[in-house]
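Remarks on the structure that follows.
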Amino acid sequence: MVHLKSLAGILLYTSLCIASSQQAPASINNAFVAKGKKYFGTCADQGTLSDGTNSGIIKADFGQLTPENSMKWDATEPSQGKFSFSGADYLVNYAATNNKLIRGHTLVWHSQLPSWVQGITDKNTLTSVLKNHITTVMNRYKGKVYAWDVVNEIFNEDGTLRSSVFYNVLGEDFVRIAFETARAADPQAKLYINDYNLDSANYGKTTGLANHVKKWIAQGIPIDGIGSQTHLSAGGSSGVKGALNTLAASGVSEVAITELDIAGASSNDYVNVVEACLEVSKCVGITVWGVSDKNSWRSAESPLLFDGNYQPKSAYNAILNAL
């Protein structure tokens, strides 16, 4: 009997050790959510989602996905009225299977825009095209996308509106048309304006965007959030908290860091950004723009939390320690 008890004890101990060794690694998303935020996410598309190593990190560490390219206009409506959703469907299905939130990106942007849209000069035609595109894309994923970047990069560095086919043909009214159409298409989705270089409170682009959003909200335009892309240079993190406060003061219900990457990926810079979001109550989440430097649009600058071999960097551990 003594031998059986000893054997039972050994088996129990062994099983506990095995279970412990198979536990998922620490998750930045889980730690961030435990601090009261909605998500810590990343961007991807079918290529990176079908990579086993990359996908494994996403499943373990990130709670939200943004399509890097598959929901942009050139991907979803390359020819007028002829929609293609294979890439976007893949991401949406992956997110549903793995319980990840989705930020839809992006409905109206001057870049990655098909030439047939860029060539429109008639107001009524462009209005109709804009409404049809937004409605068709959003209806396909209605109830599945937490937030949409409705308009993307519509400001110049001095805080004025950028020249684009949308602004040149419709004037500032394209913003109202886009947001009202989006609200009608999916009333439950959070509707965002998204831009880059919103990293300092007193910078012209930051104040100009915030002032425009305040005015538009006062006019009844349904803007819920501002997304700050936060593509930073090394050492560029010190102004992020102040900038988020400026954006939050515009009257939106939430702000988010939407495309984070930092040249050199220093622990100090990454922790500064994470703490900025934690300290700004309206900041609901952070999305880093990729998993591994291997797939980053800035790969030469090593800006992400995992290196080219998918190994976590010191900044990854620093974030977990800060949380």
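Cβ coordinates are placed from backbone N, Cα and C, and glycine is handled just like the others.
Keep in mind the model is a prediction, meaning the values are calculated, not measured.
As given in Swiss-Prot:
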- GLU153: active site, proton donor (ACT_SITE)
- GLU259: active site, nucleophile (ACT_SITE)
- CYS277-CYS283: disulfide bond (DISULFID)
- 43-322: domain 'GH10' (DOMAIN)
- 1-23: signal peptide (SIGNAL)
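Annotated features taken from Swiss-Prot, shown on the structure.
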residue: GLU153; record: active site, proton donor; Cβ neighbours (10 Å): 19
residue: GLU259; record: active site, nucleophile; Cβ neighbours (10 Å): 24
residue: CYS277; record: disulfide bond; Cβ neighbours (10 Å): 26
residue: CYS283; record: disulfide bond; Cβ neighbours (10 Å): 24
Using Cα coordinates, what distance in whole Å links the residue listed as 'active site, proton donor' and GLU259 (active site, nucleophile)? 12
Please report the Cα separation of CYS277 (disulfide bond) and GLU259 (active site, nucleophile) in Å, rounded to an integer. 14
Between GLU259 (active site, nucleophile) and CYS283 (disulfide bond): CA-CA distance (Å): 14
Within the domain 'GH10' (43-322), what mean pLDDT does the predicted structure show? 98
Work out the three-state DSSP category of CYS283 (disulfide bond). strand
Would you mind pulling the DSSP three-state label for GLU259 (active site, nucleophile)? strand
